[in-house]
Amino acid sequence: MTGILLKTCLLGALALLHSTTVSADIPNPCASTGMSPYDYSQALCMSYVFYEAQRSGKLPGDQRVTWRGDSALNDGSDVGHDLTGGYYDAGDHVKFGFPMAFTATMLAWGQIDFANGHSKAGQTSYGHAALKWATDYFLKAHTATNEFYGQVGEGNTDHAYWGRPEDMTMSRPSYKIDQSRPGSDLAGETAAALAAASIVFKSSDSSYSSQVLSVAKELYEFADQHRDIYTNAITDAASFYNSWSGYGDELAWAALWLARATGDNSYLDRAKGHVSEFNLLGTPSQFGWDDKKAGVQALLVLLDGSSEYTNALNQFLNFVRNQAPYTPEGLVFLDAWGSNRHAANVAFIALYAAKLGIDAGTNQQWARGQIGQLLGDNSRYQSFVVGFGVNPPTRPHHRSSSCPDRPADCSNGLTNSGPNPQTLWGALVGGPAQDGSYNDDRQDYQHNEVACDYNAAYTGALAALVELS
């Protein structure tokens, strides 16, 4: 009887193995370093792993996220250009150029001003690779002096599909800005990204640095001489990444990064003109892919140092530390969408201000507390970074990681109650509501989606904290 039962159990186990697909989920590529109170070094490494999971196009041989494959290899074919590469925006597969450019600018900024943190964590080469994956795409998308492709994929069509990017069959239209339908915000932000990248690559690849700087200059002139909001040209983006703050901040942002990259004070003078024209010294309510005013103020402190710029930056930091809303846990709450992202963004600004000598102790302590909230310093002892720390999210709103290995079906990837079959190492999820509540629920995209811009300033803040540890 025992033999019959054993045989039955073995047959049942074999049947189960044949009827299900076991995920080839990868182990954490980033080793623990023992850093305390939080392993900022490991978290920094993991953040760059997340960007590898977001790659579109033909993947390189050293790809660490091996459950991803080549995808969207026909992007741009509808307009006769090669628009492959770049990053999928979030848990979806649209390539939105505006937030992608901000992501690249912030990754570059972190690598420039917190280079020692990157080096100490062994992440310099990974940081360069993450940045170059974006800037290579921007070079492809700049198809003429006054022409730039700012989006591939239609938002609603893309969002109706839940599955792997490798399996996509829907149409992926390409959208551009040009001289007749310009987009100063999009062109300006991309110019900023390329100018900042030119600084990053100046010593390691001078030819590439010169190439991206040349395109940055062209895009800035395009943005300044042919002015309009990019969503008037790329109307599909308006429902997803509308530039509510206008394009003035991007014009100043681009000019400042060009001033820093070139040492040419004419760009600084033009930036100051934009600041005056668009009243960019007021106190913004946040810093992110739409509103760059706090970043503009910080770069003005670096490049000019006048008291009016220092005072403006101080007022913003005083607002986020002492006047902005907070969750009961102590997380600054600047927006219901991506609350963690916004906390990380302003933490980066605070850490950069500290590096400039502005209330260094106060700003460092506050920023360390905000990043600590994201890594698990809360009453729930819960990390908001997938795969990091104690009780991290396991169900991020993210299509490809919700799918089992090919060729298994992914039609129930959204509604599956279990953890994502693939661990999206290093991804920062949206975060809690203002009352501090949070549920690890894939269908709650407001609090559980991930995005490239969510991790961007967070990555630089981690590098800063590695330096300070």
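Cβ atoms are placed via backbone N, Cα and C, with glycine included.
Record features, source TrEMBL:
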type     : residues : note
SIGNAL   : 1-24     : signal peptide
DOMAIN   : 40-462   : domain 'Glycoside hydrolase family 9'
REGION   : 393-416  : region 'Disordered'
ACT_SITE : D440     : active site
ACT_SITE : E449     : active site
If I take the alpha carbons of D440 (active site) and E449 (active site), what is the distance between them in whole Å? 10
Near the Cβ of D440 (active site), how many other Cβ atoms are there if near means within 10 Å? 18
What does DSSP give as the helix, strand and coil breakdown of the region 'Disordered' (393-416)? 3 helix, 1 strand, 20 coil
Near E449 (active site), how many other Cβ atoms are within 10 Å of its Cβ? 21
